[in-house]
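Below is one structure, written out as structure tokens; the observations come after it.
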Protein chains: 2
Amino acid sequence: MSARPLILVTNDDGITAPGLRTLISVMNLIGDVVVVAPDSPQSAMGHAITINSTLHMEKVIIDGKQPEYSCSGTPADCVKLAVNEILDRRPDICVSGINHGSNSSINVIYSGTMSAALEAGIESIPAIGFSLLDYNWNANFEHCKTFVETITRQVLENGLPDGVVLNVNIPNLEKNAIKGIKVCRQARANWKEEFDKRTNPMGRDYYWLSGKFVNMDKGEDTDEWALENGYVSVVPVHFDLTAHHAIQNLNTWKLNN
Amino acid sequence: MSARPLILVTNDDGITAPGLRTLISVMNLIGDVVVVAPDSPQSAMGHAITINSTLHMEKVIIDGKQPEYSCSGTPADCVKLAVNEILDRRPDICVSGINHGSNSSINVIYSGTMSAALEAGIESIPAIGFSLLDYNWNANFEHCKTFVETITRQVLENGLPDGVVLNVNIPNLEKNAIKGIKVCRQARANWKEEFDKRTNPMGRDYYWLSGKFVNMDKGEDTDEWALENGYVSVVPVHFDLTAHHAIQNLNTWKLNN
């Protein structure tokens, strides 16, 4: 590692998003920053990658303080392009966000912000996804800065196990109303969908996806509990989806007769 | 459960894909089939959902043997629409595929096929994603049928733990060259990206994402080992991404000073 760490910054709300600008401002306190972010919003893209069409990227100047690249792909594409085409050495850390809206519990699986962090994890780069519990474009990210800085410095100091990345969610509260940072597990929750069915001017039906978040998990060690109780939640996540606890039982099935 | 189970069938290669047609033909032996699948290929869509644009669906007739709906969204959207708007009761099982190409090891995270199965899992519906290790549109799925039928019947008979779904990959071998079905964990592997950089007729650079699959995991309990050694691999997967093994160590960090 050079004197200053090399920090790859990305997000899923697009390169002009205020949450990304806040994240960049904190990272400039810590190391040398390179930004590679989508040229347009990519929320809810999950871990999509672009294999059936081409990717473009452009070097852009936004505030002139660090190199920035605007990319036509998904957040996972941005990390792949950064690592393989843009950076001349491996970044010491990849940070994604600050997302406009929650990526707690089940949201992690739909999240473009977290897919960028996981993609870095797949490449064995320590990574963090940050999200603020406020979906507004003009959300106030000011109180996030101290938590973002503390957690990033701790990751750089302590490292992370290979393939593990952090999912950090920050409550939308006044800074001194936040009680602290809490390490958690992902709550078991889901979205109870309510499709909004409409008819277009040509008489054809269409749908808007909407829904209500339902937390079925009352555990006090979960991210949902932490957020409801005024803590910043930190969940270590990985890309090994194996349900190891189910293997023993499956081995009793009649699969080979 | 009625006398015959209600089976939701989907995929990510689109409603006309030969792999889907094979899956439907097997499911018609087992229960009452409803097909809700994307109207166009959605490979590598990960767990994307459609929140910033509208969704359309059409009832279509393809072979006339079962109700079929063609949907403008992602595989995860198809499952949400099926459960909330199309089916009048919860399906007893959701099957996705048969994918044209592998979804073993790290591919699970990029896979539209598996995102449909995981979305069903989120809704507490038992689910299976099936994939054949052949990317060709005209792949021969004939030898898959017996494995697909056996595994589906075993899931219906035994059930699955809440939120657990199966990731099934089938080698591209003659039927009697396949040694059997093996329950596995996901191998630690990744893609070593090699972007193919080109210049378009207007002089602008663009990239094709390509790469080489690298298996770093020599374990004989992995899906990659099973597939290389002539077995059908079955990995139970879930959507709890928490790296539980990392929590204890994170609790020793200086996060709250």
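Numbers run from 1 along the shown chain.
Quick reminder: no glycine exception, Cβ is built from N, Cα and C everywhere.
Since we're looking at a predicted model, the values are computed, not measured.
TrEMBL annotates A:Asp12, A:Asp13, A:Asn99 as divalent metal cation-binding residues; of A:Ser43, A:Ser53, A:Ser70, A:Ser210, the candidate listed for that same site is A:Ser43.
One residue stands out among the binding-site residues A:Asp12, A:Asp13 for having the most other Cβ atoms within 10 Å of its Cβ: A:Asp12.
Per-residue pLDDT, averaged over the domain 'Survival protein SurE-like phosphatase/nucleotidase' (A:7-193), rounds to 94. Least crowded of the binding-site residues (A:Ser43, A:Asn99), judged by neighbouring Cβ atoms within 10 Å of its own Cβ: A:Ser43.
Checking the binding-site residues A:Asp12, A:Asp13, A:Ser43, A:Asn99 against chain B with a Cβ-Cβ cut-off of under 8 Å leaves A:Ser43.
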